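Visitor: Pasting a structure below so you can have a look.
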């Protein structure tokens, strides 16, 4: 196989043959990247990936074949890449990059690290390790036709966490259980139902009507009467859904009538919920069976997964899937559980049927199996050519770094459609570190608003420090003059503290916590701001950011700064409103350019409608010209306002040119 060494300067070619680089991830981008590296002349490569090969990977991860299914991605990628260049020295690790074995000293042996990851936690971790080791990092990601590559260098550029990322999308329990208003609510409910019936039960994923919903606001004397709203088979009693299903032998008809008739009738007794909403319509199996037309759900043209069945068709699918899943559960034996998997046909059939029946009950348009799978699995279709383009750009940026030309590196966006200058690739000069970043500033510090009487130590450790701030093994010391250790990364030392509240340790408004993650060589000072006025379903807030709560439902939308290599790893914009009005908005442009820079195409979620984002803070011309001016443009058009918090605000318009 021909390599590119002959086309490179001798000094650079020699550097490629001796330098050691790390590739994190051997999936869609990682496979293309590994192949590119050996063909470019890189000789010393280490690659790490925790995953094994699944049959669904084979259509875009071309270093893998059917015979490799079930094997380590990193190991097989190494073996396949060596066929391109047998003299390369490639080391493969079938492991998590967050394993403590891969400490700062491990990272320091590389001259360059290249990320090909698909989740934010690992990205945050590698970002911090490269900052601690002072090693350049090339970050990348793809989402369908969109892609992005950027370079991160300590003290010179923004790190991965300089710009806040949207929190992962969640939904209030009362919305899921009582008042769904979007298809995604019904799909989440159906996934919860799968676990309640066949999987591991979770009290936070209950599917029965939520009597604690504050909107219902029953009077105490009414409760007893309302609780007798249903009768006969499927009588609504406040018992475990799984226990009830077992008592019926997982009878699909009884289960159907409980979920889609009796539970809905129970919801209808909560009068106040329906004063400003359209009330749901219960379904009855026997009525549907008697009124079903033979032609109603007959096959139509087109792909099976793209078809939308009628109500009776989904009833039959529900029956078939319940029978199949209950048989699988019985075969596994007493105490067994099933795990929901989007690639498991019976599980996917169950969620498709249950979610569509609930959509119909709440007067929503039903969805195809393909659409349900996309939303249930948080999937953005992966496209092989997008991965290939991004992998090529990673290597080009890597060559600049190895040539000592870091100042010429760029953040590069790959768009679905050419911009107004007919370019698919939009380079932007790298931004300097953010003074407000809680990771790469010299003294990282944040203020967290929470209720010290309700927040447990375990919640501080898992939800705030690990999940929100991306730590792996935090140690927490209270700055109380005594150096009280609240959390220790040493196993067993402070586990007794987990079930206690922060106030039990004297933590109050104004308390300060020093948090160290020695693996990441990272220290964070946390200022505690006590409050008893957090909104419902909000455990804490990071001051200066949007509340850590469920955003309004949005589907099929992705912000370019959060592209995640095929996984929808981020929440959607926190607010959205539509209207027709005169809009004043400020944009940045370079003198001499006629049109606004188009950062990326943006799918609004409406079929056939694509819109363009105008990012207010990140519009730079491809020549790196720093002479930017501000221009206020007034335009009258139907628009959507999107707010990602303090960092980015944009107005979204149907795609067309704006002349300045």
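Cβ atoms here come from the backbone N, Cα and C positions, even for glycine.
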Visitor: May I ask you to indicate which of 104-136, 137-169, 170-202, 203-235 is given in TrEMBL as region 'Disordered'?
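Guide: Matching range for region 'Disordered': 203-235.
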Visitor: Given the ranges 473-508, 509-544, 545-580, which one is assigned the annotation region 'Disordered' in TrEMBL?
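Guide: From TrEMBL, the annotated region 'Disordered' range turns out to be 545-580.
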Visitor: Average pLDDT across the domain 'SUMO-activating enzyme subunit 2 C-terminal' (545-579)?
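Guide: Per the prediction, mean pLDDT sits at 37 for the domain 'SUMO-activating enzyme subunit 2 C-terminal' (545-579).
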Visitor: My understanding is the cutoff is Cβ-Cβ under 8 Å with a sequence separation of 6 or more in the same chain; which residues meet that for residue 59 (ATP binding site)?
Guide: 384
Visitor: Other than 159, 162, 437, 440, which residues of the chain come within 8 Å of the Zn(2+) site, judged by Cβ distance to the Cβ centroid of those residues?
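Guide: Everything else in range on the chain: 131, 158, 160, 161, 433, 434, 439, 441.
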Visitor: For residue 59 (ATP binding site), which DSSP three-state class applies?
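Guide: Note: residue 59 (ATP binding site) is coil by DSSP, not helix or strand.
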Visitor: Would you mind listing, in sequence order, the residues at least six apart from residue 122 (ATP binding site) in the same chain with a Cβ closer than 8 Å to its Cβ?
Guide: 24, 96, 97, 98
Visitor: If you draw a 10 Å sphere on the Cβ of residue 437 (Zn(2+) binding site), how many other Cβ atoms land inside?
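Guide: If we count other Cβ atoms within 10 Å of residue 437 (Zn(2+) binding site), we arrive at 16.
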Visitor: Going by Cα-Cα distance, which of the binding-site residues (25, 49, 119) sits nearest to residue 437 (Zn(2+) binding site)?
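Guide: It is 119, whose Cα lies nearest.
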Visitor: If one measures from the C-alpha of residue 119 (ATP binding site) to the C-alpha of residue 159 (Zn(2+) binding site), what distance in angstrom results, rounded to a whole number?
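Guide: Here the two Cα atoms are 16 Å apart.
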